[in-house]
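Heads up, the thing below is written out as structure tokens.
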Amino acid sequence: MRNLFGSAVLLHLMGLCFTQFPRPCANSEGLRTKECCPVWEGDGSPCGALSGRGFCTEVLVSEEPNGPQYPHDGIDDRERWPLAFFNRTCRCAGNYGGFNCGECRFGYWGANCAQYRESVRRNIMTMSTSEQQKFISYLNLAKNTINPDYVISTATRAEMGENGENPMFSDINTYDLFVWIHYYVSRDTFLGGPGNVWRDIDFAHESAAFLPWHRVFLLHWENEIRKITGDFNFTIPYWDWRNAQSCEVCTDALMGGRSSLNPNLISPASVFSSWKVICSQPEEYNNREALCNATGEGPLLRNPGNHDQNRVPRLPTSADVDFAVGLPGYETGNMDRFSNMSFRNVLEGFASPETGLAVPGQSTMHNSLHVFMNGSMSSVQGSANDPIFLLHHAFIDSIFERWLRNHQPPRSSYPRANAPIGHNDGYYMVPFLPLYRNGDYFLSNKALGYEYSYLLDPGQRFVQEFLTPYLQQAQDIWQWLLGAGILGALIASISAVVLVVARRRWKRNQRRKRASNYGERQPLLQSSSEEGSSSYQTTL
């Protein structure tokens, strides 16, 4: 049954495509028609319409006004996403999901997407050694596997021609796909001319969508790893960095230690030392008025602790987290990096976790970890190159979950209008396909099929953080134990046989001695006894 379930889920995920751009739509025809409604192979119809899974429909974008931070209109492909590329996409029914409605939405499984299943994200520091090694091997596999479903755009929509006659898309490996997505959502806007850009724009940071956007980002990343590995129990682990004095995960056994030859590089003993980063040179792209094309740009950099101490004097504490979680307001004021007493702004790291007031020139909470790493992770557009990014954002997401549970805010607590561009409730997240509205993910992760081990009740937490690693270790060595048991049984059997044989020889010698003594009086019986005894021994 377990194999059948795994096979069914694998079939369901084989066509999964969540972000830009689905291969079936990344061509001249898709650009010309502005339609991305791929066929679901299950019934041969666009969006699985014949099976009632979904239908192809017009994209209706929010018309609510944006904040004043971005004064331009019609010059950035991400404005009113995804209309620069597509105005018709699949809309899935019920629990169906995916770019062609051939999959299930987060948390649901099975042929009809009717089975809810909750996965648990665990603390990487309490995982068994084999679980940690498996996670690292999955990261490396993703880094070395060209994604079969996704491609990236290497040019703006205008450069591809009015009718899409010059489509410019490129293959990319699965890990770097998500690095590119994080770059694309946060890049500057080209205004025309070398270096002429608008910097005060970011569709996933510095306002309300910061937490919902990264929540969806992690869910997609998690699902993609499940697809390429076939491990449908996989979840992203988190690093609980509260009260940390150093980078506890920066070891060769985990995310890579510091190189003894160059403190800015990863130790050669770590698999991450051979990784090449992408999308790490934003000024070069701005000067060339070009998008990052995912070309390798050098080694992964990290030098934790050797950062600007004035900007980040310390890492966050438990008290900092508790203060943030206690703030009742999700957004305040202009809903940007200058907001005071805003849970989102404190957690993101633009406000003090002691006073709640904005602190320009300093980085706290989420931002402080990025600065502390002092390398690839310290630049917003290229930060996802460092795999610590995943551990870090999983823990940030768990703090978001704590706040949601503590305050149980109505959806109206999320800004409907006047947030910076890309952050209003009804704005579709850039650059995800299928489409997701920000406000739809302003809800508990239990509705999305996952949980955090440290947020479980004590009994469940014991199972996840202590019993599960123990059972995993037992599973890892069961073959050795079985072999040792068989060998022990064999040795015991041989020893038993040797003892039996030795005892019988001793008894035979004793009989011989008695027969010899008796034979001096009865010669014929002695002769007969020796012959019979010899025959018995030979038979044995």
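Positions of Cβ are set from backbone N, Cα and C atoms, glycine also.
Nobody curates TrEMBL annotations by hand; they come from automatic prediction.
As the structure is a computational prediction, the values presented were derived from the model and not from experiment.
Features as listed in TrEMBL:
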COMPBIAS  527-540  compositional bias 'Low complexity'
DOMAIN    205-222  domain 'Tyrosinase copper-binding'
DOMAIN    386-397  domain 'Tyrosinase copper-binding'
REGION    512-540  region 'Disordered'
SIGNAL    1-19  signal peptide
TRANSMEM  477-502  transmembrane segment
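Away from its own ends, the domain 'Tyrosinase copper-binding' (205-222) comes close to residues 18-19, 67, 106, 178, 181-182, 185-186, 234-236, 330-331, 335-337, 344, 347-348, 350, 380, 390, 393-394, 396-397, 400, 414-415, 419-420, 422-424, 427, 429, 432, 436, 438-442, 445, 448, 450 of its chain (Cβ-Cβ under 8 Å, at least six residues beyond either end). Under DSSP, the residues of the domain 'Tyrosinase copper-binding' (386-397) split into helix, strand and coil as follows: 10 helix, 0 strand, 2 coil. Look at the domain 'Tyrosinase copper-binding' (205-222): DSSP puts its residues at 13 helix, 0 strand, 5 coil.
Looking only at the domain 'Tyrosinase copper-binding' (205-222), the predicted model's pLDDT averages out at 98.
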